[in-house]
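Have a look at the structure below before the remarks.
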Amino acid sequence: MRELAIEIGVRALLFGVFVFTEFLDPFQRVIQPEEIWLYKNPLVQSDNIPTRLMFAISFLTPLAVICVVKIIRRTDKTEIKEAFLAVSLALALNGVCTNTIKLIVGRPRPDFFYRCFPDGVMNSEMRCTGDPDLVSEGRKSFPSIHSSFAFSGLGFTTFYLAGKLHCFTESGRGKSWRLCAAILPLYCAMMIALSRMCDYKHHWQDSFVGGVIGLIFAYICYRQHYPPLANTACHKPYVSLRVPTSLKKEERPTADSAPSLPLEGITEGPV
């Protein structure tokens, strides 16, 4: 119980840091006159995939898949616990890393011009006249948090399904339905990332790098709890594969149980 409490505490701390960084102001990068065209895209009020919906998809999809697998395969509580710990760590680390990069880089969004100058008229001092909160949020383009969270949560779901379905083991290779089922979450993550470019909220580099960050954390945290996808036991977490200490002690040979040689018929020779 103590180890579990520590694991939960680490994740709570990471999510706390993520929420804290949401309210910090980013670096105010100088915008050169010759690059202002990059940030003159229209300011879209209604996103295709709002932030709340993105978080719901990224957090609830892996949890729902884990619960469905438990019902179908009747997995034990230990396996459920390991899966929850893995995906929660991936999401927490991803949030902290993405927000840290956002604050340090301070890249303007594609619609930054109209956040800064709502009337479309730029002054010579380049001083923004728009809402300060809207302007500050407009300096958090790189990397895309929509993309990173989508690929973190849904990317983990892909790894989890690939392990459960044995997509890359001898028994599962060549069965296309298994592969299609496993990569479906990644397809959804890609759609979320691309929607941010359609909303003029991110440049293509923002969505691409965000996706890479999310996928890296998803794989790292998955491998912390599960064996490689090519392993024959890839459907089980490491905890379930460990041999209990009591069994190890029973199997260990002792001096009393060591085999002895028959002594009958053996006579002492000259020394």
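A Cβ is built for glycine as well, from the same backbone N, Cα and C atoms used for every other residue.
As annotated by Swiss-Prot, transmembrane segment applies to 4-24, 49-69, 84-104, 142-162, 179-199, 202-222, with the evidence given as sequence analysis. The feature region 'Phosphatase sequence motif I' is assigned by Swiss-Prot to 102-110, with similarity to another entry given as support. What Swiss-Prot lists as region 'Phosphatase sequence motif II' is 143-146, and the listing cites similarity to another entry. Marked as active site, proton donors by Swiss-Prot on the basis of similarity to another entry: His146. The region 'Phosphatase sequence motif III' feature in Swiss-Prot is assigned to 195-205. The active site, nucleophile feature in Swiss-Prot is assigned to His202; the stated evidence is similarity to another entry. Residues or ranges marked as site 'Stabilizes the active site histidine for nucleophilic attack' by Swiss-Prot: Asp206. Feature annotation from Swiss-Prot assigns region 'Disordered' to 249-271.
Overlay of Swiss-Prot annotations on the structure.
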residue : record                                                              : Cβ neighbours (10 Å)
His146  : active site, proton donors                                          : 31
His202  : active site, nucleophile                                            : 29
Asp206  : site 'Stabilizes the active site histidine for nucleophilic attack' : 27
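Only pairs six or more apart in sequence are counted, and the transmembrane segment (202-222) with the transmembrane segment (84-104) gives three or more Cβ pairs under 8 Å, enough to call it a contact. Across the region 'Phosphatase sequence motif III' (195-205), mean pLDDT in this model comes to 97. By number of Cβ pairs under 8 Å, the transmembrane segment (49-69) is matched best by 142-162 from the list 4-24, 142-162, 179-199.
Between the CA atoms of the residue listed as 'active site, proton donors' and the residue listed as 'active site, nucleophile' there is a gap of 10 Å, rounded to the nearest whole number. Sorting the region 'Phosphatase sequence motif I' (102-110) by DSSP state (H, G, I as helix; E, B as strand; all else coil) yields 4 helix, 0 strand, 5 coil.
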